[in-house]
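Listed features, source Swiss-Prot:
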REGION    1-20  region 'Disordered'
COMPBIAS  1-10  compositional bias 'Polar residues'
SITE      ARG28  site 'Important for substrate specificity'
ACT_SITE  ASP87  active site, proton acceptor
SITE      THR88  site 'Important for substrate specificity'
SITE      GLN175  site 'Important for substrate specificity'
Amino acid sequence: MTASPSSAEGSSGLPDRPKLVLASASPRRLSLLEQIGIVPDAVVSADIDEEPRPGELPRPLAQRLARQKAEHVAAQRTDAALVLGADTVVSVGRRVLPKAEDEKTARACLKLLSGRRHKVLTAVVLRPSAGWPQGTPCERLVETSVIFHRLTDAQIDALIAQGDWQGKAGGYAIQGAAAAHIRQIGGSYSAVVGLPLFETAQLLRGQPVGKPSGGWIA
């Protein structure tokens, strides 16, 4: 029987290619990976504290959380694995907007974002497990500028009623009803959804994998 690419062993006793593990419970990130033909071998939720530290700025926050997610899951793996972690932070200036868990928070976020520019910072991190010593730790941070038009109270009410703000940083989902109110985006659309696809593909292309198996993406 022919072994799968992630389990076929080379002369070193290690597989030609490690398992790819997505350290996220987000269906959006899984869907984005599948969009470019990448299907993780495992999807594991990273149970970490995502609260910003006192005085922590948006960029360092996104980077720290993405690293912690990847490192938390990588530390639990004893097999040859490469763990992909990501985190998205929405900010207005130096202010980090929360993930909206209730209507009051979502409404406050939308009122703040109405008619103004904000930034979406998405960090993506690759961390090898101890069982894949030749893996290369690497990461990218992608910054995207987004501008909402000026929202009326009725439009905010309609967005709240849609319900796709739940659990979203900044209280909206760009792939949902909010798209009708976004006047301009500068940067990576997929990063705003939750995973910058170009940068993620670049990181994966840079990983050392065996020639017989090839990488995850051309």
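Just so you know, glycine gets a Cβ as well, placed from its N, Cα and C.
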| Secondary structure at GLN175 (site 'Important for substrate specificity') (DSSP, helix/strand/coil)? | coil
| query | According to DSSP, does THR88 (site 'Important for substrate specificity') fall in a helix, a strand, or coil? | reply | strand
| query | Over all shown protein chains, what is the count of other CB atoms within 10 A of the CB belonging to GLN175 (site 'Important for substrate specificity')? | reply | 16
| message | Going by Cα-Cα distance, which of the recorded positions (ASP87, THR88, GLN175) sits nearest to ARG28 (site 'Important for substrate specificity')? | response | GLN175
| remark: Quick note, THR88 (site 'Important for substrate specificity') and GLN175 (site 'Important for substrate specificity'): C-alpha atoms separated, nearest Å, by 15
